[in-house]
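Visitor: Quick one: the structure is below, questions incoming.
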Amino acid sequence: MNSEEQYYAATQLYKDPCAFQRGPVPEFSANPPACLYMGRQPPPPPPPQFTSSLGSLEQGSPPDISPYEVPPLASDDPAGAHLHHHLPAQLGLAHPPPGPFPNGTEPGGLEEPNRVQLPFPWMKSTKAHAWKGQWAGGAYTAEPEENKRTRTAYTRAQLLELEKEFLFNKYISRPRRVELAVMLNLTERHIKIWFQNRRMKWKKEEDKKRSSGTPSGGGGGEEPEQDCAVTSGEELLAVPPLPPPGGAVPPGVPAAVREGLLPSGLSVSPQPSSIAPLRPQEPR
């Protein structure tokens, strides 16, 4: 088979869409597309009807080119010379690039001088997890400058000033808070939190006082009994006017009061009761 027949056989192969089991392929040109040489995965097996035609093409194809690729052309064809000139460079791109470790060094041989600094503050470790920084497999270390929020210890002088301020104002204003912070050598946040906690404590104490002041029975206190017994057959206790100091005792006062047996404020009236029994009404 001469070069002309081989060229027409290759052209017929690219024109037939069933050879690659794809859609219609455009006309074959002298410069084949570069994607034919960039594929890394092996192509699917050829259909049985083209096995005989491809067998003749495999004899003249180089070992590095797949049977589906363009067969070699004659040396006098300029397209074939151009194809063989660019073939080694295109096949060299299919190899993977060298690894990131130069000079054949292993990944375990490299040691990180400093561990990766975490960009976000919430990703840093706290003092509660500081033991993880000593673990050999830990991905982070506990930073010494990282301070965990601790409980503020107020002095007696500071507590005295704060209690005095709370006695007058349950809610402190911003200017007064700044003034107290400068005077007591505290921050505004410390004073704000102290007043919040103190208000909660004060509310709990007030609720406890209200609950303890109300009796369990739910009723109010009993009223004192009045010393007044009004019966139909008894005499009423009358309170006569007090005698003038150093004066004579009025004639209506009984002898028991004169002798001091009864208190001078209370006495039995000698006159009979003015309350008369009710008479039943006669039917009309």
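Each Cβ is built from the backbone N, Cα and C atoms, and glycine gets one as well.
Sharing the feature lines straight out of Swiss-Prot:
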MOTIF     119-124  motif 'Antp-type hexapeptide'
DNA_BIND  147-206  DNA-binding region
MOD_RES   THR152  phosphothreonine
MOTIF     198-204  motif 'Nuclear localization signal'
COMPBIAS  240-253  compositional bias 'Pro residues'
MOD_RES   SER269  phosphoserine
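Any idea what these are sitting next to in the structure?
Guide: Within 10 Å of the C-beta atom of THR152 (phosphothreonine) sit 12 other C-beta atoms, taking all shown protein chains into account.
Taken together, the residues of the motif 'Nuclear localization signal' (198-204) have an average pLDDT of 94.
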Visitor: Under the DSSP assignment, what numbers of helix, strand and coil residues are found in the motif 'Nuclear localization signal' (198-204)?
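Guide: Its residues fall into 7 helix, 0 strand, 0 coil.
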